[in-house]
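*Asks:* Right, I'll just put the structure down here and ask away after.
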Amino acid sequence: MAIEQTAITRATFDEVILPIYAPAEFIPVKGQGSRIWDQQGKEYVDFAGGIAVTALGHCHPALVNALKTQGETLWHISNVFTNEPALRLGRKLIEATFAERVVFMNSGTEANETAFKLARHYACVRHSPFKTKIIAFHNAFHGRSLFTVSVGGQPKYSDGFGPKPSDIIHVPFNDLHAVKAVMDDHTCAVVVEPIQGEGGVTAATPEFLQGLRELCDQHQALLVFDEVQCGMGRTGDLFAYMHYGVTPDILTSAKALGGGFPISAMLTTAEIASAFHPGSHGSTYGGNPLACAVAGAAFDIINTPEVLEGIQAKRQRFVDHLQKIDQQYDVFSDIRGMGLLIGAELKPQYKGQARDFLYAGAEAGVMVLNAGPDVMRFAPSLVVEDADIDEGMQRFAHAVAKVVGA
């Protein structure tokens, strides 16, 4: 006897899913390029990008083809074996970056967990078992595991789960003097996002990152760049460290790496990687053929002059629209970020209302993000069309007008 199929609605979420999210009332069902449609057929311009994930838009033909081809070849074998798509992708990443070794995981959290474990272990086996201090920054975000959420340091994410990993120090972002005050030879790593995404789309200053590099060298500590959100072309360079001219010891990547397919990577040097051995870390799904095939196709498109050199012009188009909205409605105190990771900070009279602007945007037919309660965030496709930018920002202007009561 056939099981009766009931309608899938937003109410279904509340009935079956753990209450760790508060999703929108509409359910997207189809995407193409920078447009999305919901169950009722309503169209949205997507400037959220799945939180900086769909770097080539939705259902890009090259990614679809890679998925279909690999899906008919080999899905999963575990890391008891290696596979061709993983080795090809690893070679591409190494040839394009400072790195000499890479390991694949499934999410930004897992890549960062790997990085932090490696940093601690490297210090332990190469220097001292007492060299365990990790220095991180206020308003950081590095993931949701107990280790990564502790390095992130935001109490709203880390409190209420019992004892946390210890010897993690947090200091103000972009404050080199604060780092110097806590840095010593017991420090194993400094962990930093070149652009704080969840923390308000705040970019590090060149002097800050250069100073961190010098301090790490002075104290034999590793410099870890979390480029989960700002990497893979988002800034206009393949990775943000290239823009700054500051090379980390370890770099993490995820989100746009797979163009929408779950995959992450941790990149490092051969010498640092040699601290690990078989069994030091692992993942059942990490580096699976499906994910690596799609990521390889995404990499081949993103790492081209056509894409990377077009990002600044697209950014300026967004900024022009935001400035026009601000001139008309007087809502933003700052427009910041880098490349196509854009933050618009709300003026004091609208502090705490970022979600109101987000919801009004969805009602007007445009998907945007917030970065905390006071900042609107835009993380669109790196190949978003000018017409989509113009249409989406016009819709966002209508949303702003509604919130401010104009």
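A Cβ is built for glycine as well, from the same backbone N, Cα and C atoms used for every other residue.
Not my notes, these are from Swiss-Prot:
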BINDING   Gly108, Thr109, Phe141, Asp226, Glu227, Val228, Gln229, Thr284  pyridoxal 5'-phosphate binding site
BINDING   Arg144, Ser283  N(2)-acetyl-L-ornithine binding site
MOD_RES   Lys255  N6-(pyridoxal phosphate)lysine
*Asks:* What does DSSP call Thr284 (pyridoxal 5'-phosphate binding site) in the simple three-state scheme?
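*Replies:* Once the DSSP labels are grouped into three classes, Thr284 (pyridoxal 5'-phosphate binding site) ends up as coil.
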*Asks:* Quick one: give me the count of other CB atoms within 10 A of the CB of Phe141 (pyridoxal 5'-phosphate binding site).
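*Replies:* Result for Phe141 (pyridoxal 5'-phosphate binding site): 24 other Cβ atoms within 10 Å.
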*Asks:* Fill in the CA-CA distance, Phe141 (pyridoxal 5'-phosphate binding site) to Ser283 (N(2)-acetyl-L-ornithine binding site), as an integer in Å.
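*Replies:* Between the Cα atoms of Phe141 (pyridoxal 5'-phosphate binding site) and Ser283 (N(2)-acetyl-L-ornithine binding site), the distance comes to 22 Å.
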*Asks:* Would you find the one among the recorded positions Arg144, Lys255 whose Cβ has the most company, meaning other Cβ atoms within 10 Å?
*Replies:* Lys255
*Asks:* Taking the Cβ of each of the binding-site residues and counting other Cβ atoms inside 10 Å, which one has the highest number: Gln229, Ser283, Thr284?
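*Replies:* Output for this query is Gln229.
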*Asks:* To see if you understand the setup: which same-chain residues, six or more apart in sequence, place their Cβ under 8 Å from that of Asp226 (pyridoxal 5'-phosphate binding site)?
*Replies:* Gly108, Asn112, Ala115, Ala140, His142, Val191, Val192, Glu193, Thr252
*Asks:* If you draw a 10 Å sphere on the Cβ of Glu227 (pyridoxal 5'-phosphate binding site), how many other Cβ atoms land inside?
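*Replies:* Step by step: centre on the Cβ of Glu227 (pyridoxal 5'-phosphate binding site), count other Cβ atoms within 10 Å, giving 29.
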*Asks:* Work out how many Å separate Thr284 (pyridoxal 5'-phosphate binding site) and the residue listed as 'N6-(pyridoxal phosphate)lysine' at their Cα atoms, rounded off.
*Replies:* 19
*Asks:* Going by a 10 angstroms cut-off between Cβ atoms, which of the binding-site residues Gly108, Thr109, Val228 has the sparsest surroundings?
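*Replies:* The binding-site residues Gly108, Thr109, Val228 were compared, and Thr109 has the fewest Cβ atoms within 10 Å.
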*Asks:* Per DSSP, to which secondary structure element type does Asp226 (pyridoxal 5'-phosphate binding site) belong, with helix, strand and coil as the options?
*Replies:* strand
*Asks:* Widest Cα span across the pyridoxal 5'-phosphate binders Gly108, Thr109, Phe141, Asp226, Glu227, Val228, Gln229, Thr284, in Å?
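*Replies:* Of all Cα pairs among the recorded pyridoxal 5'-phosphate binders, the widest measures 25 Å.
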*Asks:* Taking the Cα atoms as reference points, how far is Arg144 (N(2)-acetyl-L-ornithine binding site) from Thr109 (pyridoxal 5'-phosphate binding site) in Å?
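*Replies:* That comes out at 6 Å between the alpha carbons.
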*Asks:* Quick one: pull the CA-CA distance for Gln229 (pyridoxal 5'-phosphate binding site) versus Lys255 (N6-(pyridoxal phosphate)lysine), whole Å only.
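*Replies:* Gln229 (pyridoxal 5'-phosphate binding site) to Lys255 (N6-(pyridoxal phosphate)lysine), Cα-Cα distance: 6 Å.
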